[in-house]
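Pulled from TrEMBL:
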SIGNAL    1-21  signal peptide
REGION    554-589  region 'Disordered'
DOMAIN    598-640  domain 'Chitin-binding type-1'
DISULFID  C608-C620  disulfide bond
DISULFID  C613-C627  disulfide bond
DOMAIN    731-772  domain 'Chitin-binding type-1'
DISULFID  C741-C753  disulfide bond
DISULFID  C746-C760  disulfide bond
Amino acid sequence: MKSYQLLSFILLIANALIVNAKVTFRLIAVSGTPYCYVNNKKYTMKEEQYPVFTLTLNSLNAPINYHYGIGSKEESFTRTLNSESTLNEFFNRKQTVYNHPQLPKAFESFQTLKKSKLFDDTHIGNIILESKQSEIDNLHAHPDKDKLKVPVKAIYVSPYTVKVFNNGFIKISGQSTKYSTKLSYKLGGLKTDDDKELYGRTAVKLRAEYNDPSFMREKTTFDMLNAVGVPTSQGKHVRVFINKREIGLFLMTDDFSNKHFLKSVFNNGKKFNVNNAIFKVNSGGDLSFHGTSKSDLEPYGYKGDEENANSLQKVKEILVPFMKEVDNYPSTKKLSLDIEAFLRTMAVEYLAYGTDNYWLVQGNYFIYKNIANGGKWYFIDSDFDMNFGHGSPSTCLKLNIDDYPKVKKNKPTPRPLIDNLRKNKTNDKYLKNAMERMLNTCFHKKAVNARLDSFSKMLKEDALWDFKLKRVSTYSGEKPLKSRSFTETNFDNELNSDSKTLKDRPYPIRKWIKERTNQVVSTYKFSVSENPDTSLGYFEPEYDSVKNVDNKVKTTTTSKKSSTTTTTTTTSKKPITTTTTTTRKTTTTTNKSFPTSKNKCGPNVAVCAKGYCCSKYGYCGTTDDYCSTGCQSEFGECKGKTTTTTTTKKTTTTTKKTTTTTKKTTTTTKKTTTTKKTTTTKKTTTTKKTSTTKKTTTTKKTSTTKKTTTTKKTSTTKKTSSTKKSLPTSKDKCGPNVAVCASGYCCSKYGYCGKTSDYCGKGCQSGFGKCN
């Protein structure tokens, strides 16, 4: 967040109009020589660092109207610039950077995660590969050869930078997708001669998303996994080119077995001093011990750091003992697994309907033993391009978590790992609580839909570009080659519809979110708030910034060509936080200031009603699951404990100190002293008790110099609802139970104050600020 606010500040400063300045235009051109029309005059651009071409002109006055051309093609819209340089822009794409609404966090982020700027998803990246064409053709003709890889020169281009890797390689990735006309790739060797990596990564996966015309099913699942705080990758969309040929739009994700991914997730980005033990599990890998024969252990493959290791032997040596732990768990209650993280992953799988994931196919996941840090095991889910409504969605919507595996009629229903864990009532409760928590945060339809709205705008031009491309696979082996054909209708429906499902296509993402939410709420009587719970903040990527381009700020706006030019400025998603003249100091608040509840409880939430215990998971109840181990005595009763609590909330607000010298009109000095003291006590009783005591003391002294000091001391209980009048004034966040925007500011549909059409137009919340 801090990095994004800094970027916002820089962009705001740079957005001032320039007069008679030197201005640089930058365009990514994979092939051909581009040119730029500036104020209706054509200029040829020069290569700065392939594939970025630039044009620098002197003595230009803002605003500057311009557009690009390459060869015989010319953009049909006008761009407008109000700064000294553009970002690295892409031909025929109206906007370069988008400021997407984020998903609220359901749980805190995974504790050892170090984010990478590689996954800044506010823009579409570009990957340009160069190699011998004969070797590329051979690779595309034999996607079934797992060990076949081709050396490449790899160039990564973002709006901010160009990075070149001369010793890269690509190979075909995936399993069933090997036999699709649009192939997925693994790109490795991303390290320079001076040991620099691609934002901390030496290998990535380029996933074709060939079954998903929205390009957002897998990306959204990764976002949700990060929002529930489990070990996983992030996702970023990229355009891919090979030998200047347009290959298409892909989702770039991590290579889970790569040691750079593992250290970034499990060791805060620091190098491990031991060999990592990670295993890839294919369909049928139920993690139960069936024997040590090759056929018994066939689904499991060693992908750790030891080169040329015997995979079967490593499975027997490292993984088999864990399988025996899984089988014995119902009696021992001991398992060297991060159980809570696994259960949160299962909550994502169930809600998102991971038709090709562990709970349904017992495959498509990795399991990692963190040998360096205590030997605990971690579950890493993967392969989500068929989530949110593929398969048999109408059948799935009729099944609770007990019957969920029955969706796959041809698969056995026992799932030893999750079944054994759920035999422990505490674990089963945690799983259901995680589901309810998701429904109120990262799975909340308002949060998801707002994010999909933004990505729909960013992706549409590139999705339609991708659909028209000729595919590269020339496989002619025994298996049939699968081909998909999508149109703009497919993109719009699967990303934007919450009701209509096209023939022979899965549910649209929004439709699945809506119907799954309704089904789960009905089944488990969960409570879902009208608006998402943002109490833990949002999961945000590590943002890249303009500092990668000589610290020059680049802001570009676009508009359609017409007699009237409409300008839309690309700015950061949140306005600059303005420091007010009020200083507020608040002491710790204990539980008497919280409402009483028979549902959720805990710090900053509520105190359980009389006779109820607050469990370690933050829910009220009367059984041992709530009242014994982990019970929070500060927020309810506990077995064998008597809880007495006293709470005081103290807020001291000091107004700005102002000294003003008045004009002297006579030789007489008049001194007036007035002291006023008011004490008011107000007590209101409704269905929930609220007591408020307000004491105000004001002392005013006037002479030729005027000085006013006001001190306000308040003791109050926390209110359970807020009206506009009772909310504070803000120039940052706004909305229900948050704040009202300052005078002249609008409250956007995403809950931030501002003055542009992004804040004051569609979705503007008139109850919390002005609107157009």
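Glycine is no exception: its Cβ is also placed from the backbone N, Cα and C atoms.
For the domain 'Chitin-binding type-1' (731-772), DSSP puts the residue distribution at 7 helix, 11 strand, 24 coil. Here the domain 'Chitin-binding type-1' (598-640) has, by DSSP, the following mix of helix, strand and coil residues: 7 helix, 12 strand, 24 coil. Per-site Cβ counts within 10 Å over the disulfide-bonded residues C608, C760 peak at C608. Sequence-distant neighbours of C741 (disulfide bond) (same chain, 6+ residues apart, CB-CB distance under 8 A): T729, S730, K731, C734, C747, C753, F768, G769, K770. Inclusion criterion for the disulfide-bonded residues C613, C746, C760: a C-alpha placed within 10 angstroms of the C-alpha of C620 (disulfide bond); this criterion is met by C613. The separation of C760 (disulfide bond) from C627 (disulfide bond), Cα to Cα, is 49 Å. Sequence-distant contacts (6 or more apart, same chain, Cβ under 8 Å) of C746 (disulfide bond) comprise C753, G754, K755, Y759, C760, C764, G769, K770, C771, N772.
Counting neighbouring Cβ atoms within 10 Å of each of the disulfide-bonded residues (C613, C620, C627, C753), the lowest count belongs to C627.
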